[in-house]
Amino acid sequence: MNDRLSNSNSDLAAIILAGGKSSRMGTDKALIEIEGIPLIQRITQIAQGLTPQVYVVTSTPEKYQSYLKGCELVKEIDPQGPLTGFAEGLSWTHTEWVLLLACDLPKLKLEPLQEWVSRLPEIAPEAIAYLPHHPKGWEPLCGFYGRSSLPHLQAYIASGGRSFQEWLAQHLVIEIPLAEPDLLFNCNTPADLNNILSNFSLALDNCDLKKKIAEN
Ligand SMILES: Nc1nc2c(ncn2[C@@H]2O[C@H](COP(=O)(O)OP(=O)(O)OP(=O)(O)O)[C@@H](O)[C@H]2O)c(=O)[nH]1
Ligand SMILES: [Mg+2]
């Protein structure tokens with residue numbers, strides 16, 4: 001067996017990024033409620049189904065803390081995009097593997113993630129990440145990174161790099177076979193949100209957003 005990971009999820013932590021501008025949505029995506037549950041809470045609860053060690057990286061922890069029972073809030077002082085947010089979170093972790101998740105993945109489910117976790121012991125030790133791939137490149141915000149990737153990541157950031165795709169291209173990354181691409185549906189705009197509502201067959205609990213969607 002690969003010695004990077006035992007069978008226990010005590011070797012896994014999760015990092016959730018909640019520090020974006022939500023400029024396309026026009027309102028904080030993390031707080032959009034679906035079935036009365038804010039997206040940030042939905043994602044952290046899924047992550048907590050895999051590991052008790054869940055870190056939420058954000059420059060505004062006060063906005064989210066009431067929804068994030070049992071999570072560690074990591075306050076970002078100088079947010080510069082998802083890559084630096086991830087590096088900040090990764091520096092707090094101590095596990096062999098870290099699951100990185102965006103906060104705007106409303107179709108994410110626990111079961112496929114559990115299956116992916118079960119495959120981590122098979123990943124080549126020289127790989128820095130285990131990620132889904134789509135036609136435009138890696139999906140960096142729903143997959144796994146070895147904690148040993150931190151020095152590489154810090155060096156890349158110190159050299160001025162801010163692109164996940166560029167950084168990942170410099171290293172071995174193993175692809176997660178994706179049976180349900182829908183899981184990665186990224187909710188960035190009011191139109192995206194409108195698209196997913198039928199899946200949940202529910203009312204949207206955010207009145208301002210209801211107006212935006214109606215205008216769209
Ligand atoms: N901690 C942290 N998370 C970030 C930062 N920028 C983006 N994110 C997160 O990264 C994920 C993907 O972000 P995007 O959807 O690409 O961008 P966004 O800034 O949230 O939204 P737009 O302004 O519409 O591009 C989301 O979970 C964001 O909260 C950042 O500077 N710090
Ligand atoms: Mg997004």
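Glycine is treated like the rest: Cβ placed from N, Cα and C.
Averaged across the domain 'MobA-like NTP transferase' (14-168), the predicted model reaches a pLDDT of 97. Among the features that TrEMBL reports, domain 'MobA-like NTP transferase' is placed at 14-168.
Counting only same-chain residues at least 6 apart in sequence, those with a Cβ under 8 Å from the Cβ of K29 (GTP binding site) are G20, S22, L39, C103, D104, C187, N188. The annotation GTP binding site is assigned in TrEMBL to L17, A18, G19, K29, D104.
According to DSSP, D104 (GTP binding site) is assigned to coil rather than to any helix or strand. Annotation comment: TrEMBL describes D104 as Mg(2+) binding site.
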**Prompt:** Residues with Cβ closer than 8 Å to the Cβ of L17 (GTP binding site), same chain and 6+ apart in sequence?
**Reply:** V57, T58, P82, G85, F86, G89, L100, L101, A102, C103, L141
**Request:** For the recorded GTP site, whose residues are L17, A18, G19, K29, D104, find every other residue on that chain with a C-beta no more than 8 angstroms from the centre of their C-beta atoms, and list them by sequence position.
**Result:** I16, G20, S22, A30, I40, T58, A102, C103
**Fill in**
In chain order, residues whose C-beta lies under 8 angstroms from the C-beta of A18 (GTP binding site), counting only those at least six residues away in the same chain, are A30, I40, V56, V57, T58, Y64, C103
